[in-house]
Each structure stands twice: as C-alpha cells, then as structure tokens.
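Participant: These came from TrEMBL, pasted as-is:
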ACT_SITE  Glu371  active site, proton donor
ACT_SITE  His402  active site
ACT_SITE  Lys530  active site
Amino acid sequence: MSTTPYSAQHISSLKADTPSFLALQEHYAATKNIPLRALFDGDPDRFASFTVEAAGLFLDYAKNTLTSETMSLLFNLARERHVEARREAMFVGEKINTTEHRAVLHTALRTPWPPSSAAAALVVDGQQVNADVHAVLEQIATFTESVRSEKWRGYNGKPITDIVNIGIGGSDLGPKMVCQALRPFQHARLTMHFVSNVDGHDIDAVLSKIDPATTLFVIASKTFTTMETMMNAHSARQWFLTQAETATETDLAHHFVAVSTNTEGVKAFGIDPQNMFPFWDWVGGRYSVWSSIGLSVALAIGFERFSEFLAGAHAMDSHFRSAPLEQNMPAILALVGVWQRNFCGSASLSIAPYHQDLGNFPSYLQQLEMESNGKRTALDGSPVEVNTCPVIWGNVGTNGQHAYFQLLHQGTDITPVDFIAALAPEHRLPGHQAALLANCFAQSEAFMRGKSADEVRAEMQTKGMPEDQITALLPHRTFPGNRPSNTILMQKLTPAALGALIALYEHKVFVQGVIWGINSFDQWGVELGKVMATHILDELNTNATCDSSVGKHDSSTNGLINRARAVLMAAKSDAA
Ligand SMILES: O=P(O)(O)OC[C@H]1O[C@H](O)[C@H](O)[C@@H](O)[C@@H]1O
C-alpha cells in the first residue's frame, strides 16, 4: 500500500490553521471591501487575466471578488493539499474511494480505443479495464443500431417507438439530463421516457401514453436492488403481461433489457443476461452516464453521437490531467468555489443554464456535487474542520430571472451564480438567441456592478420624480452589486461540448473534495433513511392494531404512520 503523503489514510480535513488557509483568510480580510467594480476599473486586462479555454469550453471567472494574488494563494492551497498527486492517483486506478475499497475510473469509460500505448492500458485488480470498456461499447453499438434501424422489434413484429428508462439517482439523472440536452440529435421515431420515483403516479403517467407492443424498458440500476427501481420494474413487467395482447413471459425478452453490475439480480428479475449491459464497481452512480447507464442516451442519439459525447469528456480529462493548475479549467472552477465557500462565506451556488435543453442540468449537478462533497468526515475519519459542499440549486434562464433572481440581486445572502450558455442555437427562429444571450450577460453584469444610490437618485431625478418620493424609494431601488459569478460558454450544445461540460464539473468536484480532505466517491448519508423506510413499509402493510405495531417511533412518526395506515388499510379492504 502506498505511503505517499497523498495516500487516503493520511488525509485529514483541511484545517483553518494551515499556512495557506491562514494566508487566504488574511488576504480576504485585507481585500473584502474592494468592490468588484473597482477591480474592473483598475485593470483593463481583467477579462484576459481571468479567463481560460479548454476542450471547446470558455470559462470567464473575472466577475468574482478576487485578484491574481487570490488565485496564487489558492494555487498554493491546492498544492499543499496534493491536488496534482491525487489527480494522478485517480487516473491510474488507485483505490481512492477508501471507504468502499474501490478505484474511481469514470475517466476510463471515455478513453479512446485502442489505448495509445501498452503503458497507457489500465489494469486494475487484474482487470483489463480498457478492453472491457470497449467490449461493452461494442455491445451498446450493436444493440442501439438494431433498435434504431428497426431490426430489433417488439413481440408482434412492430418497431420500437418508445423507450422507458427505469432508474433513480445516477441511473436516472444522467441519462435524463443528457437526452434532454441533446434533444435536437434524437431519432425521430423514438420517444424517451424516464421513470424514477417510487410514487406510482410517475410510472402511471408514462404507462398511460405508451403501447406495450412498441415499448422497450431499460431497467437501469448499478446494484439492481434499489427499492424504487425494483418496484417500478415489476410494475412495468406486470403491466406488459396484462396489457400486451397475446404476449407471454417469453415475449418479455423483446421489451426488457437491463443495465447493471449485478448479473444475479438481473437473472432473478427474469432478464436474460444476453440482454444485460454490464459495468463495474469502479463507476460511481453519479459518474455513470458514460457507462452502459448511458444506453438510453445511445438509443436516442445513436452510437456515433454517443462516441462524440465520450470524446468531449475525454478532451476535458486530458486537459485536467496535464494542464498546470494555473491554466487548468476544472482546478480554477474548484478553487474559485473554495474561495466563495470557505473565505467569502457563501452557503449555496446557483446554476443558471441559459439554454432550455439544459433544464435538468441543475438537478444533475445537485447529485454530482452534493452527494459527492456533502460530507463532514475527512478521509482519515476525523471531523472536517471547514465548510464543505454548498447547496446547489437553480433553473434555466431567463425563467429564473422572473422568480428568484430578486433574492440573488437584493437578498441578505450573497449567492454566487454559474451562468452557462451556448453561443449558437440549434433552432432557426430569428431574434431569440440574441435576446437570450443579452439577458445572460446583463444579469452577470448587474450582479457585479449593482446600482448605487447616486445612480438611482440621478435616474429618478431625470424622470422628474418628486424629491420625497425619491427619498422613500431610494433604498428599495438600490442594488448592492459585488455579487460573484462565473460564465461558461460553448459554441453550440453538441454531444462533445456537453461531454466536456459534465467532465468539467466532475473534476471540479474532485479537486474540491481533495482540498477539503473528504471522500467524494461514497454516499453513506443516503443509507439511514432507506433502512428506516423498509421498517415503516412493513408497519404500513401490517394489520396489527396501530398502537402495538408502531410503538417504537417517536410520537410524531408514530402519529403520521397511524394516519396513513388507516387510509391504506381502508383502500385495501375496498379493493378486496
Ligand atoms: O443504480 P442504483 O444501484 O439503483 O442506485 C441508484 C442511486 O441510489 C443510491 O441511493 C445512491 O445514493 C445513488 O448514488 C445511486 O445513483
């Protein structure tokens, strides 16, 4: 086992008394009153100094309250936390996910085949990683091509028209977000549906609009044990057998395929392993859209486009792995985030894609960032001593402007924003794109500049407003400004650009996890509620009298269970 300073067992939390942290704190205290406007006024080259380009993406981080000294102190911090060594440890397949004893190799899912040299080929625990990845990609290519070309047909000979991806968490958010984002590239005959929630209303809404004879269900679950997915998959199976005229159990093979690491589970469900697309335990759920979990994406956009998506991510991987920190886009995005979170005190980060097709990107990032870095224990088991992941939230622009941007402009918290936009649209409607981009750029400028009391007063005076009204309205119409943002631009939202964008955030999350000293690749925090739900489910389903069967909870949980059980039991006896 490695005993280098970056081996996980020796990694404690980032501490507030380390020299680089103290230097940044002092720097913050000395510079916090310098307005962003002044930083721009004092440096005509600010845009050139605080922008970086990589893998077809352009990042402008000039509208953050930072200077080149801030960045240099942040790079010191990154080096003190061994970001470069840890980065290499991830790429070469060291078991950096120490609590689950696993390597973290989503980057291998997008490595071009064949590897550039024998030395570049990855072997982990005896597994030829690149060769296995390639074999599954071939399987995906063959299958998706046969569905798209109508070779693969339903049990009574009709071509597939609807794909229903049943999965949750990483087995849903990735494929759903990517299919929506790449909507213009989608096969005209295929309609994509996503079912995730254990709430029956979710699957009910989808089943009510599809024909079993022309539907393909993709059951996507890394573990093939997740309660929501298993329940939805069984309901879909039952629905198929009752709704598809003349269909028998053997016909299920035309309509159900599985994506999983659990062959036994897939077999037990009744899916032939021939119709299973495997992946491996070194792919984390929230990093899995590049694996066979992306099957729905490949069905929608075709294997060639799916390969472009992988290639875009690989371009970002190559940049991240080799560029010095000072020119490294994911490292910079991460460090700006650390500055906002740990020094400027921001508790949340708002994601504002100015692209309708990126509507699911904020929810995708919620899992990627918050499930990865929402942790309070360092790799060595000690408590984390600084704040970790901020709350991630957001919605598409311009819609957000007419809802919560009020708070972003004038609320009591300062919330940084990541603006994301494509310069050229896929549509040909005149006027819309310029209007969209104008709003995007105006918002970041408004956050940065604000509007001073003097400017507001002068404007109202020009309009001839009486002095007493001006005095009354002045504080309400003043904008403090000094509100930070990043802007990420791409030429067009192509498969490659989207691949690079997702990989950018994956590596940002990685760098932040390394700096904070946490394991970004486990998720123990989701276990407790899951286990408790299985106990309560048993209690809701029993006939025993309320008080005796559900007496082990607090009075609130007990009361809620009793109220629900009365309704569930009544519904059961009505149905009997
Ligand atoms: O793919 P599955 O095994 O069904 O897991 C689905 C999801 O459920 C879990 O609760 C994890 O928190 C997620 O990281 C995972 O993506």
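Along the chain as shown, residues are numbered 1 onward.
Cβ from N, Cα, C; glycine included.
A description of the local structural setting of each listed feature is requested, covering burial, neighbours and distances.
Facilitator: All protein chains considered, the CB of Glu371 (active site, proton donor) has 22 other CB atoms within 10 Å.
With a 10 A radius on its CB, His402 (active site) counts 9 other CB atoms from all the protein chains.
A simple way to gauge crowding: the CB of Lys530 (active site) has 11 other CB atoms within 10 angstroms, across all the protein chains here. Following the DSSP three-state reduction, the secondary structure of Lys530 (active site) is helix.
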Participant: Rounded to a whole number, how many Å is the Cα of Glu371 (active site, proton donor) away from the Cα of His402 (active site)?
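Facilitator: Just about 29 Å between their Cα atoms.
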